[in-house]
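Positions annotated as compositional bias 'Basic and acidic residues' by TrEMBL: 131-144. Among the features that TrEMBL reports, region 'Disordered' is placed at 124-144. What TrEMBL records for 26-48, 68-87, 252-271, 277-296, 303-328, 334-355, 367-384 is transmembrane segment.
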Amino acid sequence: MDYICGPFAVVVSYLAEFHGRQHRHYIMLFVGLSISIGALTLPTMAYFMLPVHIYFTVGTLRFHTWQVFLALTSVPSLLSGFLHIFLPESPKFLMSQGYYTKALASLQRIYAVNKRKSRDTYPIKTLTDATPERTDEAQDPSKRDSVALRFRKTKRKFIDGLKQLKPMCTTPYLGLSARVYCLHFCQIMCVNSVRLWLPQIFATMHTFEVQGISDRSMCAVLGLNLLRRNGTTATREECDIHQQPETYRDNIIVAGIGLVGFLLIFPLLSIRGVANHILKVSLFICTFLVGGLYFATSTLATLIIAAVYLTVMGICASTVIGMCVVVFPTLMRTMVLLLIMTFGRLGSVTGNILLPFFIQMSCWAPFLWLSSLMAIAFTFSLFLKVDVQQSLN
């Protein structure tokens, strides 16, 4: 599942364990803010880069603008993976495993970095908890374990790992996690269907502006896209596409509004009632926002509705992740987050498979389907208790 979800679930769990309950919900929202910054950076790069013609060869390989663009977008992931090497291990996780000596060393390292002081000046000298102290087995370099012994050790560690995950299949975590999986599946299926569909909608509306077509309703946009799809014939040609900068303008505006929305929600999280009910209220509002796209008859109306919808849904996703971080214990937290992300990816894939079928059915069918998904997600949220300020388990 790490290959499906990437390091996101690990990073979220890692950040939560380094912050107390007073600031943890802000940290989770800051993760969403960082995602919004990335969502703004991507179309901005495309705005300035993709219209430019770039072509060069390296041996027998030919590179165009879009390939250089993809190469640049991979740099942040590469840099992030490199910087993770220098991060300390989570003391809370180490203590939950019984490695108190390692946990103390990690805390001393964090103290030295934050305070710019020697590790020896850290005031706490010993750590203790209910879990008995564990140490790594010393390996004599002159002796090597047999294959059978290594297999037994690996088997024992695997069984110990399964025992740690056993609470996931029992109450109260089984029912809670199942509701969260279903909620995230529905909301990600809906929001990613809209997000990935939006550039095509804006590109079509831009075509209407250039051609002087006054009817820019959703039915007109869907009708034109359907005609293009049916009239397209497969031809083999070199991919060297250059879009006009205006094609990405609306996507930049949507991402910018999302960034502003995250900045505005930060002060409201200091109000406990807002923080605990923001998920239900947001999903309820989004049920009508996504249906309201059907009634949009201009580029401006589509832009405003889509921007508000994606912003609120980004806040919903951050709230769900933040809730799961504090509800589930340390030993199962990362696995639960990985499963949540996996269900989200499955929802995204399923949504992009089903959306074209609903578009071919009628003009209103995709919007009715998306509104139904949001209504289901809202129903699941009614059975979730969100308390972002409770202590970590």
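Quick reminder: no glycine exception, Cβ is built from N, Cα and C everywhere.
The transmembrane segment (303-328) shares the most Cβ pairs under 8 Å with 277-296, out of the stretches 26-48, 68-87, 252-271, 277-296. Listed by sequence, the residues of this chain that lie at least six past the ends of the transmembrane segment (367-384) yet keep a Cβ under 8 A from its Cβ atoms are 176, 179-180, 182-183, 186-187, 189-190, 193-194, 218, 279-280, 283-284, 286-288, 290-291, 293-294, 323, 354, 358. Taking Cβ pairs closer than 8 Å, the transmembrane segment (277-296) reaches residues 187, 190, 194, 217-218, 265, 268-269, 302, 305-306, 308-309, 312-313, 315-316, 319-320, 323, 363-364, 367-368, 370-371, 374-375, 377-378, 381-382, 384, 386 in its own chain, all 6 or more past its ends.
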